[in-house]
Structures are given as structure tokens and as C-alpha cells.
Amino acid sequence: MSYIRSVKGREILDSRGNPTVEVELITDQNVMVKASVPSGASTGENEALELRDGDLNYYFGKGVLKAIANINGPIAQILVGEQVYDQERLDRMLIEADGTDNKGHFGANAILGVSLALARAGALTANLPLYRYIGGVHAHLLPCPMMNIINGGAHADNSLDFQEFMIRPVGASTLREAVRWGAEIFHTLKGILKKAGHVTAVGDEGGFAPNLSSNEEALELILLAIEKAGYQPGKQVVLAMDCAASEFYDKTTKQYFEKKKKQKNQVFAERTAEEQIAYLETLCQNYPIDSIEDALAEGDWCGWQRLTERLGRKIQIVGDDIFVTNPKFLEKGIELGVGNAILVKINQIGTLTETLQTIRLAQTNNYACIISHRSGETEDSIIADISVAANTGQIKTGSLSRSDRIAKYNRLLAIEAELESTALYQDSNRFQIF
């Protein structure tokens with residue numbers, strides 16, 4: 001047996017220079033682990049509460065000292081002396097002690113940091129890789145990456161309202177090959193943008209953030225980069241998008257409008273839900289797109305039903321803001337026939353136990369799962385282990401730049417090397433568009 005000797009929280013910075021939570025846990029066997037917590041920019045209304053201090057004179061209100069105090073006080077009192085292997089029981093104890101639906105008392109950022117540290121301590125004490133400790137002997141599936149190489153929306157200061165334009169190296173035979181393809185396409189795209197006179201600065205998730213005239217221009221540039229790098233669009237490499245539609249949805253008029261173009265006094269489109277669905281359908285007809293995330297606003301359940309009816313047998317319809325990694329909302333989606341895939345973000349729900357519960361619910365009901373980073377990340381690579389542990393087959397962890405993104409790819413490469421001949425690289429998206 002191994003017991004928790006101490007739990008300490010501290011305030012560190014994320015990839016955007018904002019405060020976040022790091023937890024250090026030490027066992028009675030002197031095993032010491034750390035875990036840190038990410039933060040999102042475009043967030044769902046029903047996400048677990050990220051506790052911030054609100055003191056405008058300290059990090060402009062974004063400090064997390066309240067969450068740290070909760071870790072060092074009541075949370076530590078609950079956990080010290082408990083067995084490190086009791087992940088689910090301890091997660092449930094923290095949820096019960098918090099006593100709120102959204103973890104608003106302790107803060108989801110406090111609870112999650114502790115939950116992840118518990119898993120790391122258990123794995124290290126058991127002398128197992130983290131993915132094996134969480135997933136057992138059947139954890140061997142390396143995920144196909146969604147690589148966000150052009151950023152827009154809340155992740156970049158440009159005129160694109162769609163938030164992410166991604167490539168998926170579905171034709172690669174190994175994760176190592178997939179990462180190489182992605183890196184080569186990324187660097188090729190940089191050359192294309194530079195030659196065209198575009199800025200090659202990157203956004204929050206490491207993708208380029210040029211000022212482009214339309215979503216179509218972004219897709220065309222990516223296709224050109226794929227071809228110029230020597231790969232076949234639609235066969236070896238396909239496209240994916242995250243619209244993050246809640247960010248440009250007007251609840252009063254129930255219209256989707258190009259908000260960023262409007263703010264820059266440019267000509268902008270305005271669409272009803274039906275028009276938005278038709279527009280996306282046209283994009284899928286014209287480009288090798290096999291996955292679209294958050295195509296409509298999170299509260300537009302009827303629109304999501306129509307979207308799934310129209311496109312759900314052709315491509316992957318991914319719910320992020322509408323499901324927020326919460327089994328309650330996923331169950332509603334399953335009942336209503338909304339989407340066919342879920343984006344899984346550990347800080348949306350706030351514990352490892354609930355994250356795995358949501359993944360099991362999705363997989364049982366034939367929903368694909370994509371493990372995801374957040375736009376405000378740290379060097380912590382735990383989502384790589386979780387993706388392999390749960391055999392999700394897909395991961396979204398940014399572009400091929402910025403160390404906070406590359407850390408996850410490098411961890412996956414290490415896992416693949418460790419698994420050797422038992423490693424399987426296979427995309428879990430069941431839709432083949434070629």
C-alpha cells in the first residue's frame with residue numbers, strides 16, 4: 001500500500017501567460033509527482049467552473065490563489081493519509097465535498113489538478129506507464145492527430161471567425177509518420193504564406209494566423225501545402241474544421257454572422273441555422289473535409305439534429321461546447337440524435353474519473369472520441385497518455401509549433417516507441433471520404 005503524505009498547490013503560468021494551477025503530490029514512499037491544469041478561450045456555458053480570484057490588481061483578475069488555497073486547505077485535509085490507488089473513490093470524495101453541480105466551491109481547476117496528480121502518483125508507485133495504469137493491458141491505440149495549422153476565431157487576431165482549420169494524416173501507417181507529414185505540411189504552408197505576403201505569426205495553438213478573405217481561402221492554402229509537400233489531399237491527408245459557432249451566434253436574431261469581419265468593417269456574411277448547415281454542406285462537397293466541430297451554437301439542439309440528419313452519415317459531427325465532456329449532456333445528445341462524435345476536454349468536467357466515464361458512454365453508443373487540449377496549455381502531456389489509455393483513436397493538440405503543443409506529440413512518439421510491435425495507429429473516424 002502507498003499513502004498520500006502531502007498535497008500542495010501552486011500558481012504557475014500557462015502558454016498565454018495567464019495563471020493556472022499546478023499540484024505537487026508526495027506519497028509516504030517519497031514518490032513525488034506534479035500535474036498542471038489547462039484553460040480555454042472559447043468555453044461552453046455548462047463547463048465546470050474554473051475558479052479565478054477576480055482581483056483586478058492581481059493578474060487582471062485571473063489569479064488562482066483561491067483555488068490554490070482550497071488545495072492546500074480542505075482538499076489536502078481530505079486526501080492526506082488516503083491510498084493513492086483509490087482514484088475513483090477519491091475523485092468522488094472531492095466531488096461530494098465540493099457539493100456543487102459545477103465544482104464551483106473548490107474550483108474545477110483545483111479538483112482536476114489533484115485528480116491528475118493522483119493518477120500520476122498511482123502509476124509511478126505501481127511502476128507502470130501512465131497510459132497502462134489508466135487503461136490496462138489493452139491500451140495500445142495511437143491516435144490520429146487533428147493538427148490545427150491555420151488559427152482563427154478566439155485563438156487569433158485575424159478576420160477568420162472559424163476557429164480551427166486542421167489536417168488529419170489518416171493515410172499514415174504510424175504515429176511517427178503522421179507527425180512527420182504534419183510537420184512537413186506545416187513548414188510548406190509557412191513558405192506559401194510568406195511568398196504570398198502573409199504574416200506567419202502563430203496563434204494560441206501554434207497554427208498560422210494570416211488575415212484571409214474567407215474560409216475557402218484558408219482551405220485552398222492548406223490543400224496547396226499538402227500537395228506541395230508531396231501528399232494526396234483526400235487520400236493521405238484530409239481536412240477538419242472547428243467552427244466554434246457559439247462565438248459568432250447572435251441569440252437575439254438567431255443568426256450566425258461573421259463577427260470579426262464586421263468588427264473590422266469588412267463585408268460579412270449572416271446566416272440562419274439552415275443556411276449555416278447548407279454552407280457547411282457545400283464546403284464538404286468542395287473540399288476533402290471529414291470532420292466538423294461545433295458547427296452550430298451550443299444551445300441550438302434542433303439545429304444540431306438537422307445538421308446530423310444532413311451530414312451525420314457522411315462526416316464526423318463533433319460536439320464540444322454542446323456536450324462539455326459531461327455525461328448528462330452527452331446522454332441528451334444520444335437520445336436526440338445529435339452529433340456522432342464528442343470532443344473530450346479534461347477541464348470541462350474536472351476529474352479523471354468523470355472524463356473516463358464520458359468516454360465509455362460515448363464509445364458504448366458508437367460516438368467517436370477526440371481527446372483535446374485547450375488554447376491555454378502547459379507543458380503537461382497527460383492528455384497523450386489518456387488518449388492511448390482510452391483507445392480513443394483521435395487527438396487534437398494543436399499545430400507543429402510551440403513547446404506546449406509539441407510536448408503532447410513527443411509524449412505520443414515515446415509511447416509508440418515503448419509499445420513497439422503492439423502499437424497500432426488507426427483513425428477512429430469511421431467516415432472515409434475517399
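In case you wondered, yes, glycine gets a Cβ from its N, Cα and C as well.
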Same-site Mg(2+) binder from Glu216, Glu217, Glu220, Glu293, given that Swiss-Prot records Asp242, Asp320: Glu293
From Lys328, Lys332, Lys396, the one annotated by Swiss-Prot with Gln163, Lys345, Arg374, Ser375 for (2R)-2-phosphoglycerate: Lys396
Count of other CB atoms lying within 10 Å of the CB belonging to Glu293 (Mg(2+) binding site): 27
Closest of Glu205, Asp242, Glu293, Asp320 to Gln163 ((2R)-2-phosphoglycerate binding site), Cα positions, recorded positions only: Asp242
Least buried by Cβ count (within 10 Å) of the binding-site residues Lys345, Lys396: Lys345
Neighbourhood of Arg374 ((2R)-2-phosphoglycerate binding site), C-beta criterion under 8 angstroms, separation at least six: Pro38, Ser39, Gly40, Ala41, Lys345, Asn347
Recorded positions (Glu205, Asp242, Asp320), the one with most neighbouring Cβ atoms at 10 Å: Glu205
